[in-house]
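Record features (Swiss-Prot):
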BINDING   G8, G9, G10, L11, A12, G13  FAD binding site
Amino acid sequence: MEKVKIIGGGLAGSEAAWQLAKRKIPVEIYEMRPVVTTPVHKTEYLAELVCSNSFKSTELTNASGLLKEEMKKLDSLLLRVAEETRVPAGVALAVDRELFAKRVQEILLESPYVTVIREEVKKIPEEGIVIVATGPLTSSDFAEHLIEILDTDSLYFYDAVSPIIYADSINYEKVFSASRYGKGEEAYLNCPMTKEEYERFVEELVNAETVESHYPGEEKFFEGCLPIEVLARRGIDTLRYGPMKPVGLIDPKTGKEPYAVVQLRPENIQKTLYSMVGFQTRLKFQEQRRIFRMIPGLENAEFARYGVMHRNTYFYAPKFLKPTLQFIKNERVFFAGQLIGVEGYMESAAMGIVAGINAARLYKGKPLIILPPTTMIGALISYVTTKVPVKQFQPMNANWGILLPLERPVKDKKLRNRLLAERALRDLDDVIRRFAINV
């Protein structure tokens, strides 16, 4: 019996293996550890957590909570084990990291359909169904292979992501729409600053707390893309001659160029999300919230995701992936996890679930599933498979802004989120029933 090969035994690879094994399809998981190590892994367990031990909120009124509820409906192995190895963390789901990874590995190895092979894979196998889930620390040899089958410009080795803000938390009385020199559509929202506001802002940036790196030598990846706090330390005017330059932008309230400007760019067609242009940062999340709320118009800003800069291997998925997570150039190959441009433990694991389900369906000659963008998992897949300009593509986590909006707008945020969650679970139940996914 031909075996499905999974390259990478992290969160996505483990979930994919579970989905195949439970359907009695033989699987080989290729995990390079401990033969080839990484700077951050401490054990040889599958599904090892290398950063936080938290999987975020479990509440349905939180986007992370909805994502987990959808994963449960699709029989997530990781969430089942997370409940077994849970540690107190309020409404968040946090785990004993070593017990968690150990138990995931035990369950997979107990299956007669799972074999774990401890060796580095340097190329995608030429035959059979394959799921690639090599993660943010993809080995250099396999990364070279990815460059060959993708192209040099489509593979990235670090994240430099600006914060993303919910549109409905912006104070539109203080911002204005305009593109520089009036060229093209008024695509950007502009937050104007006075000299006093700008200088206070820069002072806070200079003295803010930053995140320490998990990865040795990580800073060398960022030489061509400096964090705004580093730019701020180079001189009081550096930012306003860089990402905060006001040239070509006229504030309609004054008829003049502001002293400095923070530009916000739409992140999606619905314009429910805006990113802060040029604001890649390594500030701690609480510092981002505090300091960026000093910007006029962002006093009550709610963040769909915070800015991050860290080591991360991912590719420009919209050019290469179908909504089934199949590789456009070779449909027997699936991709999953952080490699395709999702951000976060559960987001990566969810991609593994879908890749595993669809690999199983391909194996059995059944039609593959595409989850609707009204579901959180479907919306994440839609995000990483919908073409946008290459420079605008950046890893995304679960948030309400990527879901299709409700047919009728709802102003109350809690009610809106609850209605979005109810619709998502209803639509997912419909797909599960129609395709007999859990049978």
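Cβ coordinates are placed from backbone N, Cα and C, and glycine is handled just like the others.
In the three-state DSSP assignment, the secondary structure recorded for A12 (FAD binding site) is helix.
Apart from the site residues G8, G9, G10, L11, A12, G13, the chain places the Cβ of I6, S14, E15, A16, E31, L46, A47, A133, T134, G135, A336, G337, S348, G352 no farther than 8 Å from the centroid of the site's Cβ atoms, the recorded FAD location. All protein chains included, L11 (FAD binding site) registers 31 other Cβ atoms within 10 Å of its own Cβ. Within the same chain, the residues at least 6 positions away from G8 (FAD binding site) whose Cβ sits under 8 Å from its Cβ are I29, Y30, E31, V132, A133, T134, G135, G337, listed in sequence order. The 10 Å shell around the Cβ of G13 (FAD binding site) contains 31 further Cβ atoms across the protein chains shown. Counting Cβ atoms from all protein chains shown, G9 (FAD binding site) has 30 others lying within 10 Å of its own Cβ. Less than 8 angstroms from the CB of G10 (FAD binding site) sit L46, A47, E48, A133, G135, G337, S348, each of them six or more residues away in the same chain.
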